[in-house]
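Per TrEMBL, the features are:
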| type | residues | note |
| --- | --- | --- |
| ACT_SITE | SER232 | active site, charge relay system |
| ACT_SITE | ASP326 | active site, charge relay system |
| ACT_SITE | HIS360 | active site, charge relay system |
| DOMAIN | 204-411 | domain 'BAAT/Acyl-CoA thioester hydrolase C-terminal' |
Amino acid sequence: MAYSQIRLKILPSVRCLFDKLVQVKVEGLAPHKPVELRSKLVDDRGVTFRASALYKADECGQVDVCRAPSLGGSYTGVEPMGLFWAMAPDTAHSKLLKKTVLRPTLVKIEAVSGETGEVFASETNEREYMTEGMRRIPVHKGRIRGVLFIPPGKGPFPGIVDLYVFGGGLTEPRASLLANKGFVVLALAYFGYQDLPKNPKNLDLEYFEEAVNFLRRQPEVKGPGIGILSISHSGGLALMMSSFLSGISATVCINACSGNTGLPVHYKDLVIPPLTPVMKNVKITDSGLVDIRDALPDPTLEKNRASLIPIERATCQFLFAVSEDDHNWNSSFFANQAAATLRSHGKESFQLVSYPKAGHFLEVPNMLNCPSGFHPFVGDTVVFGGEPKAHYEAQLDLWERVQNFFKTHLDKNTC
């Protein structure tokens, strides 16, 4: 066979935004011959992620992963994006790290002989984070540290504060990809970034109030209220912001807790202590990982009520998204509890969506599931949960819901 005739194509283009779907095709193969497709990316920490799938060329010598089933490997069956969502790290318990959105994530796809192992053809998918004309502006204003993303075009646009997971630093991919959809997004750091404290003893809600006011003042931001996008630990911060601060119209909480966690939060004369984990509820899995799903107590119990976030005070709309296989904590229990609190106060100002078999880190489409990893608060490797395909499908669905939720509610004065 003349390998020069074999072509691997990534359609519609080798360059796309990270949250977009692509089509992988191989042409010029011998009819009915086996071919293995392999995917590989190296993240910003140097960790390699890989997937592979075995296909059989059709009578025309083609493989189209949108129509042909994988016969084995990292997944089976017809899975158009399987080579992406099925990637797993060479180094166990690693979460895909993207430090800068100024450079694309590169995914190399190879077509390899199913008989000899020789590489027939390869192509690299450049998965970018910012559309042309997007402005990325580092923010160093007063106490606020973060990055502001302003989409191209004539504004003003709805504004959103993006809060990420516990662990410090700043994560930009979600904020930049959301800004591509027509939002001004402030990716806000709150510790362990630049001159912010590395190991704070508490968090100050007035810092987040300053960030909300900063975003609302931007000339590109449409008022009257802004949105908050949060996940995990920051979900509690988002609930507190929504409960105590003005100018917030719509809040998304992904796998959050209805009580404060991790660190005390101060606001003026108020201190909200964190829930105290019940250590006897911590389990060790057969593979030696720590399972903390049931470690946090019920914040509505009298002894824990000081940690309960009073979301009945909030006047904004909420979108609660939960993963049923979340092992960071029982996010389904906490979201249903938050919904019940709102309902008991005569408020139907929420939506709740639940995803079976999805894990803790529900993020943007095509971000790889992290079923286990180091937990900075626990100080050990824990189970985060999730099955790769179900997690991938959940992220696709949630991404559309988040955009629609913000578009629906950020033009209304609900505060």
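Here the Cβ of each residue, glycine as well, is placed from N, Cα and C on the backbone.
Long-range Cβ proximity for SER232 (active site, charge relay system), meaning a same-chain Cβ under 8 A and a gap of 6 or more residues, is found for VAL165, PHE166, ILE254, ASN255, ALA256, ASN328, HIS360, PHE361. Every protein chain considered, the tally of other Cβ atoms within 10 Å of the Cβ of HIS360 (active site, charge relay system) stands at 29.
Note on ASP326 (active site, charge relay system): other Cβ atoms within 10 Å of its Cβ, all shown chains, come to 26.
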